[in-house]
Structure formats: C-alpha cells, structure tokens
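Asker: First the structure, then my questions, so here it is.
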C-alpha cells in the first residue's frame, strides 16, 4: 500500500470514528427534552429574559477559527525549524501533523456536543427565565407544592422548548473545550520551536480567560444557573485535556513517550549545548517498551551521526527502540 493510499484509508477510518458522535448529537437536538416541573417558591426561575451577550454564531465561528489559525501557525514554524520533511516517502510531515491536530479538534467538538445534548435532553432543567418565557398556568399540583403539570401561556414554541435546556451550558462547554485544547497543545508544541515562555503563557491565559468570560455572561444574561455553567466548563475542559492526550501519550508524565513502529518514524536530535540530559526512564506496557524523548534545542542541527541508544534493561522483544 502506497503512502497516499495509507493516508486516505486513515482519513476514512477517522471519519467513521466521528460519525456516531455527530449522529447522536443531531438526533438528540430534535428530541423533546424531559418535562420537568417546578416549585412555585423557586425564585431562581423568576429572572427576566435577556438576549445573549455572546451570540452562538460567534461562538461557533470565531473560537474554532482562532484555534485553527494557532495550530497552523505553530506547525508551520515547527516545520520551518526542522525542515519540511516527508514521512512515508511522499507525505510531508507538516501535512500529517496538521491533519492529526485539526481532526482531534473536530472530533473533540463532536464529543462535547454529544455530552451537552445528552444532559439537556435527559435532565430538562428549567432556565432562570422560565417564568418570563413560559408564563405557566397550573394544571395540577402535588400535595408537596411541586407542580408537575402546567401549560405555557406564551406562544413562542422555540423559546418554550429552549427554556428546558439549561443543564449543561453549551456556551460554557463549547468555549472551554478549544481554550483547554489549545492551552495543552501549546504546552507540548510551542516550547520545541524556541519561542519565549511569555508568549506561550499569554496565549494560554487569554484562551482560558475568554472561555471563563463566556461562561460568566451566561449567568449574567439569566440563561443558566451557575451549576449549569460549571458543568459545561468541566465537560469542555475534560474533553480538551483527554483529546490532546491522544497525541501526547506521556501527558501526565515528565517525559513524552511514543511507540516506534517504522524506521521512518525515528528522528535524532542533538541536546542543546550545556544542557544536561536526564537519564532515560523506561516504560513497558504489554511487552512494548516506550523510551522518553530527551530535551533538545529546537533550532539546533539534526544529528547526522546520532549516538547509540542506551541498552535496555528489559528482555528483548520484537519492536524497534528509538528516541523520537
């Protein structure tokens, strides 16, 4: 199989993997949410209706676009620093990297969307502006004061359905996911291109701050309860962290590990002058040995005569060992 055919096959499998999440999200979007009742003395449902400070159109265009531009810029700088190499003979390495991270970004959005719609449809929590949008007329009341059956005197069907979709906050989830995604991504990609830590910290802080601001506007606009926003932020943050961790196996370790399966995957770098190289630590999982990547200077030359790999203290298996 040629490298181009392999790449096309990978794209097809990746699309198949994301389709179920998209289908579930679309189906849930058109389902009616759970019919939740309310208590008449619940003041948290009596806030006035307010238009959104951050409109959905901006959330689904500006945030993804900025994230994509940051990824493209970072990978272009890395490619220029290391040289525009090819992998698997015909495919530029930058193409593989861009596809990998942009696909993970899109895949993450699909996962976040599925979790958000599941919560909204299954729970059917009423929004803070419930009284203003619905104008409920009581049909039946339980002995404990809980009203389970009521009719809305207002006629806007779209708003009446939307008033039951409070938890979790979609705005909070859809803004926090790309913010955490790009923060973790830059943590592992930007240091290798010789950029200052101040720039990295600025972009990461700006992204998370913007996401936090979006979440706070949902509370001040009376669109969500604070617990809805917190739940949305947690969903977005967790998906962002674990999504990027698919590419950085050692995300929770002090070193990055990668299984080397092809000779073309092996790259050797010179450690920056004056920098001490930490002794290698080995990790063996199901007979596959992972070797930590040494720290290196991004703008340093690629070694044409790499030093020999340290001997493994573990029994020999049928796999390739190499720094990467």
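Any Cβ shown, glycine's included, is placed from N, Cα and C.
Quick caveat, the model's predicted, so the values are computed rather than measured.
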Asker: Per TrEMBL, which of 153-170, 171-188, 261-278 is transmembrane segment?
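Answerer: Result: 171-188 is the stretch TrEMBL calls transmembrane segment.
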Asker: Need the matching range: TrEMBL marks transmembrane segment on one of 7-31, 32-56, and I'd like to know which.
Answerer: 7-31
Asker: Given the cut-off of 8 Å on Cβ pairs that are 6 or more apart in sequence, determine whether the transmembrane segment (98-118) and the transmembrane segment (195-214) share at least 3 such pairs.
Answerer: no
Asker: Please list the DSSP helix, strand and coil residue counts for the domain 'Phosphatidic acid phosphatase type 2/haloperoxidase' (102-244).
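Answerer: Helix/strand/coil tally for the domain 'Phosphatidic acid phosphatase type 2/haloperoxidase' (102-244): 100 helix, 10 strand, 33 coil.
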Asker: Counting only residues 6+ away from its ends, which parts of the chain sit with a Cβ under 8 Å from the transmembrane segment (7-31)?
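Answerer: Beyond its ends, the transmembrane segment (7-31) has Cβ neighbours at 1, 88, 91, 96, 99, 103, 106-107, 110-111, 113-114, 117-118, 120-121.
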